[in-house]
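Okay, structure first, notes after.
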Number of protein chains: 4
Amino acid sequence: MACSQFEYVKQYETDDRLLPGCWIVLRLDGKGFTKFCELHCFEKPNDVRALCLMDASAQAVMREFQDIRLAFGESDEYSFVFPRECQLYGRRCSKLVSLVASCFTASYVRLWPQHLPDKPLAATPLFDARAVLYPSDRTLRDYLSWRQADTHINNLYNTCFWALVKSGKTNTEAHAQLQGTLADYKNELLFSQFGLNYNALPERFRKGSVVIRQRVKHVKQTADGRSKEKERLEPCVLHCDIIRDHFWQQHAELLA
Amino acid sequence: MACSQFEYVKQYETDDRLLPGCWIVLRLDGKGFTKFCELHCFEKPNDVRALCLMDASAQAVMREFQDIRLAFGESDEYSFVFPRECQLYGRRCSKLVSLVASCFTASYVRLWPQHLPDKPLAATPLFDARAVLYPSDRTLRDYLSWRQADTHINNLYNTCFWALVKSGKTNTEAHAQLQGTLADYKNELLFSQFGLNYNALPERFRKGSVVIRQRVKHVKQTADGRSKEKERLEPCVLHCDIIRDHFWQQHAELLA
Amino acid sequence: MACSQFEYVKQYETDDRLLPGCWIVLRLDGKGFTKFCELHCFEKPNDVRALCLMDASAQAVMREFQDIRLAFGESDEYSFVFPRECQLYGRRCSKLVSLVASCFTASYVRLWPQHLPDKPLAATPLFDARAVLYPSDRTLRDYLSWRQADTHINNLYNTCFWALVKSGKTNTEAHAQLQGTLADYKNELLFSQFGLNYNALPERFRKGSVVIRQRVKHVKQTADGRSKEKERLEPCVLHCDIIRDHFWQQHAELLA
Amino acid sequence: MACSQFEYVKQYETDDRLLPGCWIVLRLDGKGFTKFCELHCFEKPNDVRALCLMDASAQAVMREFQDIRLAFGESDEYSFVFPRECQLYGRRCSKLVSLVASCFTASYVRLWPQHLPDKPLAATPLFDARAVLYPSDRTLRDYLSWRQADTHINNLYNTCFWALVKSGKTNTEAHAQLQGTLADYKNELLFSQFGLNYNALPERFRKGSVVIRQRVKHVKQTADGRSKEKERLEPCVLHCDIIRDHFWQQHAELLA
């Protein structure tokens, strides 16, 4: 049959299994989100509803892929952590990268109307994904610290930038005023000029979102019609520091 | 600043650029679509509306990624062909694989209501993707022939299978009757027992979908309010043989 | 100039850097050594002089590549362990694999006359090499345990096999008698039939060779002609257990 | 048995098979040969005997690996071309890279006394190797043209450089005089100042070495003691242009 004559082309598929014994981080990143945000008039510097939609999409991904240990998100990016011993799809990189991107994007589109009911989705949101391996707990924690430190740096900058722009500066002027300045200067600027205490801003903006599975009580109907309280693990969104040890001591199971 | 202390983790990202000078085929495949089809009561053996939704999603992908030369789809899978000289995202595998999966899935969800207006989307559709390199025109054509031969084999089998099931057989009985039989037997079965001439079935079912860019006339409003006919390239869906030379002679630009 | 016109072909070279933060094991293996051993009439089951030549070649490799932390050898294979933080040649796999294979082979040929002065080298010895990454100390130690356990298994078998052959059995008979037998049977066979206490055989045969750097005293001539005793690190060959903890406790710097 | 407990570490070995259907070029390069040449007082700019030793080593590699289609060498580097359909060691990159490096180096050491009988080998020569894939005949030819153009450029420069140095300039002065100059200037310099017609220099220096298999007559003793002339394929060294079409037309079988 004709098929066998062509089937040799399967040999051109290469093996892209990720090294065993390493943490797998899958990081998703919005493609062209500056334009996407403008098109949908997202609030600046942070649109709470859009951030909640990101978090909800991440939760959907974690419900679909039970292997995921935790996730961290900020702005238009999200990182998912698969454990060292994960065998999902034989650790094939393309499978993991494409399925997580597919699931996140599909959830983002499906959940949009719940989070932004007054704004019709006007363009296709796209997310790229990459897999990065971390051989030790230390390097994994440093990766997550890197993302959370980045959240802080970007948010402090953006808070200043948009405060200046809303006060009448042009984008170029605002950028010029902030370029090369340190955190202290920016904190002081917000406080003295705009009466803003940066540390009083919502933790969601300053620390990003951590998603871990936690026991959640829910009410279940029993066969005889009575309702019964049960517990199950649900991906829950926290906004807390993950750079210091405290979080990891409280959730020792994450690195176990 | 804290950031630089953690930034070393970026070194763990690996370079996954695909070999230059080769055709890149990105194949998407529905995850768990047997269940997804049942959940949405897709018609058997082929649901025209669901196939059109696949085609429309592929067209959306081709509008987003202008580099794509052609695409071929059947059932719940689609292959996209990027040219040898493609430099999109520096040919980074994860970028291409994740973005095409993201775009296809998002389009599938967004376009669903247009194609299946009476059926609410009841689950998140997921597509995985992989990249395969073909160094020569011959191997690329053999890849596409492999997929179209597969379309034919699967469709002939499925057409028989569902005819038997609709006539009262169980799934097990239908499967047992067909196992190991040749194409001639199946054609004869369809004709003698169900009055079906297999070759008269829609080409969409028998040959799958080929998407290529073709000049399409469209009417454009000019500045002074008059309408003017113009041409532009649009991804168009064909259902034709791509195994024989004829198609490639007619569309010599595809392999140029 | 003509050169630039062709220089684009450099783009086809791919990046093969090994993941940072992992132990790198480079394992060399003799190609076609069964034939090579016969050609040079190596003693069976173990040729001490040939094993010493392997060890000396490994020491030469360790002198050339100061990054190597330790090495383990048995029969016609040798494993070299590069530390997690190694940056030699940017951790490029092909560089490491080819240079270690090149250095080992060159040393084997150069040192041959010293170790086997009565036998001219009659064929080109070839060694292949591969790189394997181990993310944790545990997996690295298990790798080395695997090789040493393999040494034991092979040596016990070969000792029995050649005792039987030397006692008059054919190769086929000897093989048949041993097939599927356990260690106890083989130990008993050696003792009762050949008066051999397996555990009294040289450790070199039973445990293979471990090469680590140790402080070695050497005498150096000073400028004024006197000789002075100094210390330097030299790769030294040991034949000891590396499966149990004791070795690693004694040489805690190896995994540090 | 202990072995199985550790055998899981084999899973950490990754699949590094090279894409089918592409030409494989294995390029070897001497490590630290500037120093190696000085140590052995190689003649400058070209040491014929050392170049012949390189060629003889390449011929030994081609005798060992019958798959190799052709080779090109210059200075301390050599490229070996394996055909598109090559299945040697399942096209595993590390196997090919290490074995060719091993074979070349071993041959270089073994053949040294024949080519440089008056100079004892005073250091271990090392060669690294890398594999590069070329998907088309055009890119393969351009690769080889790149190397031959490089031979010419380097040789012209080196010929001038050493002529200047031998005439009394320091290395720095010679380098300064040549920096940024074109080929015409260098040709003129050689002719007017040193009476050297560059194009009359040996082709070996100007074009490097091409090794291809050619029918060679040899005399064989028959069973009854008579001698009989036979033909066999032997790797032969040529010094000719491989940039223009002529060579490839004469040896059409090389790209077939």
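Cβ atoms here come from the backbone N, Cα and C positions, even for glycine.
Heads up, TrEMBL stuff is auto-annotated, nobody curated it.
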Per TrEMBL, what member of B:D76, B:D118, B:D137, B:D142 joins B:D29, B:G30 in binding Mg(2+) 1 at one site?
B:D76
Cα distance, B:D76 (Mg(2+) 2 binding site) to B:G30 (Mg(2+) 1 binding site), nearest Å?
5
Would you mind splitting the domain 'tRNAHis guanylyltransferase catalytic' (B:6-135) into helix, strand and coil residue counts from DSSP?
58 helix, 29 strand, 43 coil
Pairwise CA distance, B:D29 (Mg(2+) 2 binding site) versus B:S75 (GTP binding site), rounded so that it is a whole Å:
9
Can you give me the same-chain residues 6 or more apart in sequence from B:S75 (GTP binding site) with a CB-CB distance under 8 Å?
B:G30, B:F33, B:T151, B:N154
Counting across all protein chains shown, how many other Cβ atoms sit within 10 Å of the Cβ of B:D76 (Mg(2+) 2 binding site)?
20
